[in-house]
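Let me begin by presenting the structure, written as structure tokens, before commenting on it.
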Ligand SMILES: O=P(O)(O)OC[C@H]1O[C@H](O)[C@H](O)[C@@H](O)[C@@H]1O
């Protein structure tokens with residue numbers, strides 16, 4: 001059995017307090033910088049690498065971070081998780097999303113059901129369904145093929161699958177495996193559903209209602225909105241709508257749907273892209289083989305996350321450096337900066353993943369912790385961000401650790417040499433230049449043009465964004481967030497903080513309001 005101890009009760013916490021800080025500007029300048037770029041790199045799954053040369057760490061600090069990992073039993077806790085312990089203490093649930101993508105340890109059997117087999121069986125059912133749709137065996141009321149798939153969901157039932165779809169859309173077109181166009185409806189703002197419906201051919205569209213709980217107001221409202229639109233268009237909704245939910249939800253086993261696919265309570269919404277939640281839309285859009293490749297990449301990263309040596313375990317190392325920055329260097333935020341347009345929604349997915357998981361103030365046992373926990377996450381793709389918020393990142397009063405992501409090859413492969421370089425080369429040159437500019441700064445007599453530098457960053461580098469590398473990227477961040485939650489001794493797998501606003505919105509709609517709530521609802525004349 002592992003020990004669940006608060007971070008500040010560890011000997012290594014005290015040791016971290018006493019380490020000699022590293023001056024990023026100094027160590028990244030000249031030869032020392034070149035050495036660090038070469039040496040401070042850890043291989044990741046799917047031929048990617050996590051390079052942390054420009055982070056404020058050195059061999060001494062890394063040795064203490066290894067002690068934190070050992071003392072807090074981080075990889076042992078991961079082992080407990082994938083072997084089926086009740087890691088989600090708040091909701092008394094197992095945490096099994098990794099099992100959707102492969103067997104990591106022992107069989108996990110709950111109420112006689114082998115969970116890996118259950119998740120695999122759902123994937124197989126979805127694969128058969130998707131293949132039948134693509135082959136024209138499952139068709140619309142007029143006997144015609146479906147061409148579009150629309151996911152209706154919010155939060156984890158939207159962000160991850162949407163980010164993954166966008167990440168692979170152009171790759172799939174280029175590799176002739178885009179089987180159906182996908183669209184997403186999430187917001188209860190009627191303009192969201194209306195705009196999507198206006199843009200598609202509803203007669204040839206399949207709609208997946210995705211809600212683990214089957215009770216989310218926005219999703220149920222949008223499902224009814226779409227149902228209404230289909231009826232008005234003279235289309236039978238039961239031939240066009242699917243459900244993806246848990247077997248115990250109000251949406252389960254409902255004749256209203258053409259078919260239903262299941263996940264369960266042991267997979268948190270923000271971790272559900274690997275379950276039926278992501279599998280349905282991605283298998284319909286790209287084909288089941290592509291989804292299987294995505295899962296293979298994620299599984300490879302899950303295997304790497306078992307390594308006890310932090311220099312062989314990029315997710316663990318990334319997590320520990322993040323903790324050091326958060327708790328000892330006092331950095332409150334992290335920017336996610338993919339130099340890849342395909343990853344345009346990946347920062348939004350990571351925002352939910354990280355902030356909903358680790359935005360907590362009490363430990364696993366409900367006791368307040370005396371140290372800070374999860375950082376604020378934001379981000380946009382480069383180079384666009386450079387012309388927007390990088391000013392603050394370079395010269396602002398707040399130091400923001402930066403998480404760059406970059407690839408050597410484009411997805412579409414169409415490029416032009418303009419003034420001696422391709423656009424891809426320009427993209428890569430920009431990310432390299434930014435890392436050095438942030439780290440080393442630039443002295444100038446004019447204070448307005450002076451750059452202090454000393455701004456830490458890391459980069460994940462891959463050859464190309466494809467299903468395998470994307471899967472590995474997804475799992476890398478899930479595992480990073482998990483390890484950080486273990487260090488902070490918090491429960492990363494519930495989200496009670498989301499509930500209060502939901503309850504109050506229901507009260508406003510029911511006119512059951514008092515005090516400030518009444519004033520606000522009057523103001524909005526609801
Ligand atoms: O999939 P659902 O049950 O509809 O939940 C959708 C989302 O809503 C909640 O408010 C949670 O904060 C999210 O973690 C969840 O992903």
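Even glycines carry a Cβ here, placed using N, Cα and C.
Taken from TrEMBL as is:
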ACT_SITE  356  active site, proton donor
ACT_SITE  387  active site
ACT_SITE  502  active site
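Following the DSSP three-state reduction, the secondary structure of residue 502 (active site) is helix. For residue 502 (active site), the Cβ neighbour count at a 10 Å cut-off comes to 13, with all displayed protein chains included. The two recorded residues, residue 387 (active site) and residue 356 (active site, proton donor), show a Cα separation of 29 Å.
All protein chains included, residue 387 (active site) registers 9 other Cβ atoms within 10 Å of its own Cβ. Residue 356 (active site, proton donor) and residue 502 (active site) are 15 Å apart (CA-CA, integer value). Residues near the residue listed as 'active site, proton donor' in space but far in sequence (CB under 8 A, at least 6 apart, same chain), listed by position: 155, 270, 495, 497, 498.
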